[in-house]
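Visitor: Dumping what Swiss-Prot says about this protein:
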type	residues	note
TRANSMEM	33-53	transmembrane segment
TRANSMEM	77-98	transmembrane segment
BINDING	H83, H182	heme b b562 binding site
BINDING	H97, H196	heme b b566 binding site
TRANSMEM	113-133	transmembrane segment
TRANSMEM	178-198	transmembrane segment
BINDING	H201	ubiquinone binding site
TRANSMEM	226-246	transmembrane segment
TRANSMEM	288-308	transmembrane segment
TRANSMEM	320-340	transmembrane segment
TRANSMEM	347-367	transmembrane segment
Amino acid sequence: MKILRKNHPLLKIVNHSFIDLPTPSNISSWWNFGSLLGMCLVIQILTGLFLAMHYTSDTTTAFSSVAHICRDVNYGWLIRYLHANGASMFFICLFIHVGRGIYYGSYVLSETWNIGIILLLTTMATAFVGYVLPWGQMSFWGATVITNLLSAIPYIGNTLVEWIWGGFSVDKATLTRFFAFHFILPFIIAAFALVHLLFLHETGSNNPSGLNSDSDKIPFHPYYTTKDLLGIFLLLLVLMILALFFPDVLGDPDNFTPANPLNTPAHIKPEWYFLFAYAILRSIPNKLGGVLALVLSILILATFPLLNTSKQHGLIFRPVTQVIYWIFIANLLVLTWIGGQPVEYPFTTIGQIASITYFTIIIILIPVSNTIENNIIKL
């Protein structure tokens, strides 16, 4: 078996990626989230496939088909809630994964980092089109509001919106194409994830100390496969608790009402994992400005490798930037809270302050703290 896995053309790739891969001996549990994301993707594709067997992408029957899945299909309720809450687990793992990358300076591996940003954007797009499919009130109005933002693009905006809608409003054509996108995008994510791994294994993994670990590597299997399995079991435990005991805790009550174009919900808001970006969008009174801020809130992650001037790798020995980092995380939580609040004082003001803080920390405060710490080292 040993000879086969080292010589077989296909098994050799698996062997070099998951078995004999030289890995730093000191990577902590924060490095588990890559494998957890892979697990989440597998769960989402499998549950999604079974849901697609019973779902109909037609405005007249979409809502009923979801109710049919929950009521009449064997364990349909479980598959549906695993899929819905699996998306939340996916984004929790994603945000922790990105946060770990920022904290430990993984962005210096720029190819891996940039593919990761593409993965984040693609996952957000997949989740958005998926949220439209149950065709509840929040699905319909969320789709209307978010797609309508494209009309802010000069010259081609209105044409682009009608092209995406497939008509003059969100209707059957929109639902059908969103279902098609939602079906194909996870497989594109899987392909990008392989490219992400390919680039990571070109350079080798980062480690908590931020020091070169070439002299202290251990094989991935059995050490980290066992460690990853523990993480996967814990993830599945949390997911099952969510799906079985609190299936609707992260959903919106408005989505239990079928879509009605004549009745607007009091507060239109996306799923919790988009609230931080939604708060940034709403904090700018100008439509085009809001859309640009929304896009930049994610794309700004690409500036981390460019703005990094620190002589040290990661934040483990950098107390000044550590403080700024945790302020940044707290600020993100504030943005998430504000995104779910109505558009009125004092929430709008708090949202504007938090949005300015978000960009200021990344563009100004972190580079300044890098310079301060570099000068402290010279003393």
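Count begins at 1; order follows the chain as displayed.
Glycine too: its Cβ is placed from the backbone N, Cα and C atoms.
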Visitor: For H83, H97, H182, H201, listed as binding-site residues, tell me which one has the smallest number of other Cβ atoms within 10 Å.
Guide: H201
Visitor: Taking only the Cα atoms, work out how far H182 (heme b b562 binding site) lies from H97 (heme b b566 binding site), in Å, as a whole number.
Guide: 23
Visitor: Measuring Cα to Cα, how many angstrom lie between H196 (heme b b566 binding site) and H83 (heme b b562 binding site)?
Guide: 24
Visitor: Quickly jot the same-chain residues contacting the transmembrane segment (33-53) by Cβ under 8 Å, restricted to those at least six beyond its ends, or write none.
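Guide: For the transmembrane segment (33-53), the nonlocal Cβ contacts are 69, 79-80, 82-83, 86-87, 89-90, 93-94, 96-97, 100, 182-183, 186-187, 189-190, 193, 228, 231-232, 235-236, 239.
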Visitor: Roughly how many Å separate the Cα of H97 (heme b b566 binding site) from that of H83 (heme b b562 binding site), to the nearest whole number?
Guide: 20
Visitor: What whole-number Å value do you get for the CA-CA distance of H83 (heme b b562 binding site) and H201 (ubiquinone binding site)?
Guide: 30
Visitor: Residue list, the transmembrane segment (347-367) vs rest of chain: Cβ under 8 Å, 6 or more residues beyond ends.
Guide: 279-280, 282-284, 293, 296-297, 300, 303-304, 307, 309, 321, 324-325, 327-328, 331-332, 334-335, 338-339, 341
Visitor: Does the transmembrane segment (226-246) come near the transmembrane segment (77-98), with 3+ Cβ pairs under 8 Å (pairs 6 or more apart)?
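Guide: By the criterion, they touch.
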Visitor: Output the single range from 77-98, 113-133, 178-198 maximising the number of Cβ pairs under 8 Å to the transmembrane segment (288-308).
Guide: 113-133
Visitor: Need the DSSP three-state call for H196 (heme b b566 binding site) to compare against my parser.
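Guide: Note: H196 (heme b b566 binding site) is helical by DSSP.
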Visitor: Taking the Cβ of H196 (heme b b566 binding site) as the centre, how many other Cβ atoms fall within a 10 Å radius?
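Guide: For H196 (heme b b566 binding site), the 10 Å Cβ neighbour count is 21.
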